[in-house]
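Taking it in order: structure first as structure tokens, then the write-up.
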Amino acid sequence: MHFIFYLILLVSAADYGNFGTYPKVPKTASINGFADPIYDLLPDCAKECVKFSTSNTPCPYWDTGCFCVMPQWAGLVGQCVAQKCKGEDVASARFLATSLCSVVGANTWMMPASISSMLSTAAGDAKEVTTIEGKTAKSWVTAPGSAAGSVVSETGSASETGSSESAQSTTTGSSSTGSSSTDSSSSSSSSPSSSANFAVLQTGGIGSVILGFMMYLLV
């Protein structure tokens with residue numbers, strides 16, 4: 001146990017110590033680093049789902065990429081979306097979350113496989129989303145200086161993968177019922193501030209992913 005604790009400390013130091021090797025994320029947030037960039041774009045049914053306390057993670061409240069690889073937190077978010085939203089609203093929320101994780105370099109939205117399955121069931125036959133506000137996933141997700149067309153997945157656990165989806169996966173910019181969670185372009189329609197937030201988000205270090213995996217082993 002002590003070995004794992006010290007390993008986490010070392011990984012954290014390596015991840016945050018060399019700031020010049022990877023782009024930056026804003027070190028501030030009104031809700032948290034995961035919610036702020038996508039909140040205005042999320043379908044209404046999913047907005048409360050990104051407001052969970054982050055105290056069950058070691059992440060700074062502003063660290064977007066860290067939340068992407070914390071299954072104990074992402075699982076709560078995913079479960080909430082699956083319970084409160086349906087159809088295209090679910091697809092929209094998943095697209096926004098996985099796209100965000102791609103932008104910051106985590107390249108995965110890590111959660112228990114059972115939660116990923118719940119999301120798939122809640123989405124049903126809804127088409128996947130590749131467009132929000134008339135922008136393609138590729139152009140909208142890629143931040144300045146990052147590789148274009150990067151693929152992001154929604155992973156189950158270290159050993160198990162739930163339903164995966166790429167940042168370029170399907171699109172239907174349509175809204176669903178008020179209590180459904182999908183790729184609703186309409187509920188998230190005009191949000192210049194959110195788009196601006198995406199523009200400044202950049203990739204994190206591989207250490208965040210390792211840190212997330214270590215924390216997953218502990219919970």
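The chain as shown is numbered from 1 upward.
Quick reminder: no glycine exception, Cβ is built from N, Cα and C everywhere.
On a predicted model such as this, the values are computed, not experimentally measured, just so you know.
Among the features that Swiss-Prot reports, signal peptide is placed at 1-13. The domain 'CFEM' annotation in Swiss-Prot covers 17-126 and rests on experimental evidence. According to Swiss-Prot, the disulfide bond annotation covers Cys45-Cys85, Cys49-Cys80, Cys59-Cys66, Cys68-Cys101, on the basis of sequence analysis. According to Swiss-Prot, the feature heme binding site maps to Asp63. Look at Swiss-Prot and you will find 151-194 tagged as region 'Disordered'. Marked as compositional bias 'Low complexity' by Swiss-Prot: 153-194. Sequence annotations record features per position, and here Swiss-Prot assigns GPI-anchor amidated serine to Ser194 based on sequence analysis.
Closest by Cα distance to the residue listed as 'heme binding site', from the disulfide-bonded residues Cys49, Cys80, Cys85, Cys101, is Cys101.
Put simply, Cys66 (disulfide bond) is 9 Å from Cys101 (disulfide bond) when counted between their Cα atoms. The most crowded of the disulfide-bonded residues listed here (Cys45, Cys59, Cys80, Cys85, Cys101) is Cys85, judged by how many other CB atoms sit within 10 Å of its own CB. Straight-line distance linking the Cα atoms of Cys85 (disulfide bond) and Cys49 (disulfide bond), rounded to a whole number, equals 10 Å. With respect to Cys45 (disulfide bond), the closest of these disulfide-bonded residues in Cα terms is Cys80, chosen from Cys59, Cys66, Cys68, Cys80. Remark: of the disulfide-bonded residues Cys66, Cys68, the most isolated position is Cys66 (fewest other Cβ atoms within 10 Å of its Cβ). Reduced to three states, the DSSP call for Asp63 (heme binding site) is coil.
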